[in-house]
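Submitted below is the structure of interest, expressed as structure tokens.
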Amino acid sequence: MRLATLTSGGDCPGLNAVIRGIVRTASAEFGSTVVGYEDGWVGLMEDRRVDLYDDENIDRILLRGGTILGTGRLHPDKFKAGLDQIKANLADAKIDALIPIGGEGTLKGAKWLSDNGIPVVGVPKTIDNDVYGTDYTFGFDTAVAVATDAVDRLHTTAESHNRILIVEVMGRHVGWIALHAGLAGGAHYTVIPEVPFDIAEICKAMERRFQMGEKYGIIVVAEGAAPKEGTMELRSGGVDQFGHELFTGIGQQVADEIHARLGHDVRTTVLGHIQRGGTPTAFDRVLATRYGVRATRAVHEGKFGTCVALDGERIINIPLDVAVGHLKTVPLDRYTTAQAMFG
Ligand code: F6P
């Protein structure tokens with residue numbers, strides 16, 4: 001067979017490990033060849049492709065963050081308008097099946113291509129860990145490790161200065177990174193998009209700490225967190241070209257409000273893209289490699305219209321329909337477990 005792969009959406013540590021898994025499995029197990037399209041769906045539409053060989057270059061990318069193929073975002077309308085071009089390009093390159101690696105948006109695109117007759121097996125990717133139907137997406141563990149390290153480091157400086165420090169982490173719609181980094185780093189409060197926060201409660205928790213002699217506090221805030229209606233004014237930021245709401249710096253706004261209410265010294269650290277950069281953790285390298293191997297086998301087994309997923313200890317294939325049906329949000333009981341450690 002002749003396979004094609006691409007990486008689309010925000011990058012993520014482990015993408016190269018998936019590509020390596022695909023290329024090596026295709027070659028060693030099936031004698032198949034692999035082509036990579038550059039910059040996600042855009043490269044597929046513009047027919048920008050490179051041959052990927054099972055050689056030492058591919059072998060060495062296991063440790064590299066980012067993606068050797070480049071990535072990009074494409075508006076769904078432009079993507080859909082390019083269907084004929086995509087079909088023509090795949091036919092021209094004699095591609096038998098496509099393995100797109102991406103988050104929810106990419107997997108929606110993969111499903112749409114599959115519905116339109118293109119043989120597709122998807123690989124879920126996102127540091128946010130919000131793809132439905134899979135226990136973990138690769139990149140999440142690395143992002144949590146980075147965020148936890150930041151929280152760890154902030155404890156000592158916060159304590160030295162009797163400050164409240166806010167750490168804003170990624171997570172537009174879901175709070176998995178915030179939840180895990182907050183728990184692992186011993187944060188004194190964590191706010192996530194799934195549970196609107198009450199600033200008065202946060203202030204109470206901080207005040208309690210100061211009254212008990214612990215004169216510092218660490219608060220982890222997911223970038224997509226929002227206050228309970230009517231409890232705090234937020235700046236509004238409009239939307240970007242993809243219809244995503246623009247962030248207005250929730251961490252700083254929480255900091256300003258705590259300072260205004262309690263008078264304590266409050267500072268904010270926004271971790272941003274540091275969480276997406278650098279080499280993947282061992283867990284992410286293993287998971288990403290397993291995804292690449294399974295996706296390649298699934299293509300050769302004809303399991304089209306599916307994506308790979310982690311189910312407990314096993315890597316399985318689930319229908320793309322399931323993966324894109326809705327986001328995997330943090331269940332309330334997981335948040336209440338974290339709450340038990342607040343204060
Ligand atoms: O989806 C992954 C993610 O890292 C989100 O957590 C974050 O909101 C977004 O991508 C940032 O995207 P960009 O790279 O376009 O700033």
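For all residues, glycine too, the Cβ spot is worked out from N, Cα and C.
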Looking at the ATP binding annotation from TrEMBL, with ARG73, LEU74, GLY103, GLU104, GLY105, THR106 already listed, which candidate in GLY10, GLY171, GLY175 is the matching residue?
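My reading of TrEMBL gives GLY10 as the candidate in that site.
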Would you count the other C-beta atoms found within 10 angstroms of the C-beta of MET170 (substrate binding site) for me?
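Excluding its own Cβ, MET170 (substrate binding site) sees 27 Cβ atoms within 10 Å.
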As a check: which entries in THR106, THR126, ASP128, MET170, ARG172, the recorded positions, place their Cβ less than 6 Å from an atom of ligand 1?
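Checked recorded positions vs ligand 1; flagged THR126, ASP128, MET170, ARG172.
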I'd like to know which of these binding-site residues, LEU74, ILE274, is least surrounded, judged by other CB atoms within 10 A.
ILE274
Go through the binding-site residues ARG73, LEU74, THR106 and tell me which ones have a CA within 10 A of the CA of ASP128 (active site, proton acceptor).
none
